């Protein structure tokens with residue numbers, strides 16, 4: 001099997017470094033906007049937005065700079081190419097970091113909708129107390145989810161011998177340190193089952209608060225318990241949040257769904273896997289760009305910056321012409 005540009009680890013690593021370094025200023029600018037350009041009317045959602053933004057950015061940086069996982073299909077594992085690998089950090093720690101960050105991003109996404117539901121409709125209900133154990137459970141799930149998998153990681157020498165014997169098509173990766181998470185069918189099935197359970201739990205939570213929030217807003221509009229101006233402001237914010245979450249989710253979700261379907265069909269495509277992980281590594285920056293565009297205060301701030309630049313440019317051009 002001849003390695004193409006996409007499934008060469010060095011080319012893949014280079015592309016991720018380019019994506020990561022290009023994205024860093026956008027991440028920092030997003031942090032600045034949330035901290036210093038969020039108006040008083042949005043102060044009660046400021047920190048949940050900041051939390052989601054920082055975790056999404058950390059996930060991006062882990063995938064495209066620090067960790068750089070290169071999945072070796074069809075092995076349940078891969079090659080770690082990022083800075084942490086070059087700094088001799090344990091592969092187990094690197095993998096745990098990536099998976100935990102991904103779980104925390106899921107948790108923080110659902111917390112956006114929970115926060116709005118609580119502030120608007122549930123501050124005087126039982127949820128005022130119940131939300132604390134809910135958050136503790138979710139945080140514990142995020143940090144403990146991958147622990148059973150890490151406990152079952154096989155001896156790497158034995159695993160390496162097994163994968164090269166059973167998958168001769170990956171022999172060209174022989175010179176790389178492949179970290180094998182699992183190779184026995186039973187262990188792989190257990191990992192997949194835990195992944196499905198975790199995904200289902202977090203998805204149910206997210207959509208529960210999403211529908212509760214929208215149902216209560218429709219109810220408030222019908223019963224006129226909110227002024228039209230207040231309702232319009234909350235609706236606009238929710239539309240912006242929906243776009244901020246949905247667009248990056250589609251960007252990274254499409255190749256992931258395709259990879260899952262191909263997996264069920266017993267067909268492997270290294271190129272599709274690699275494109276999927278590269279798209280996942282820009283989840284945070286795509287979310288930041290959507291946030292800057294969809295939320296009016298941030299969009300107006302960006303427009304003011306661009307307007308200032310254009311004015312300076314026009315003034316500079318005029319001066320040159322006069323001279």
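Cβ atoms are placed via backbone N, Cα and C, with glycine included.
TrEMBL annotations: computationally assigned, not manually curated.
Under the heading transmembrane segment, TrEMBL lists 16-36, 48-72, 92-113, 134-150, 195-215, 236-262, 274-294.
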Quiz item: So which residues does the transmembrane segment (274-294) touch in its own chain, when a touch means Cβ under 8 Å and the partner is 6 or more beyond its ends?
Solution: 6-7, 12, 15-16, 19-20, 23, 26-27, 29-30, 33, 49, 52-53, 56-61, 63-64, 69-71, 105, 239-240, 243-245, 247-248, 251-252, 255-256, 258-259, 302
Quiz prompt | Chain residues outside the transmembrane segment (92-113) and at least six past its termini with a C-beta under 8 angstroms from it | solution = 45, 48-49, 51-52, 55-56, 58-59, 62-63, 66-67, 69, 80, 82, 84-85, 135, 138-139, 141-143, 145-146, 150, 153, 179, 181, 198, 202, 205-206, 209-210, 213, 241, 245, 283
Self-check item: Distant-in-sequence neighbours of the transmembrane segment (236-262), which means Cβ under 8 A and at least six residues beyond its ends
Solution: 42, 45, 56, 109, 112-113, 116, 213-214, 217, 268-269, 272-273, 275-276, 279-280, 282-284, 286-287, 290-291, 294-296
Quiz item: By a Cβ-Cβ criterion of under 8 Å, what residues six or more beyond either terminus of the transmembrane segment (134-150) are in contact with it?
Solution: 92, 95-96, 99-100, 103-104, 106-107, 110-111, 114, 181-182, 190-191, 194, 198, 201-202, 205
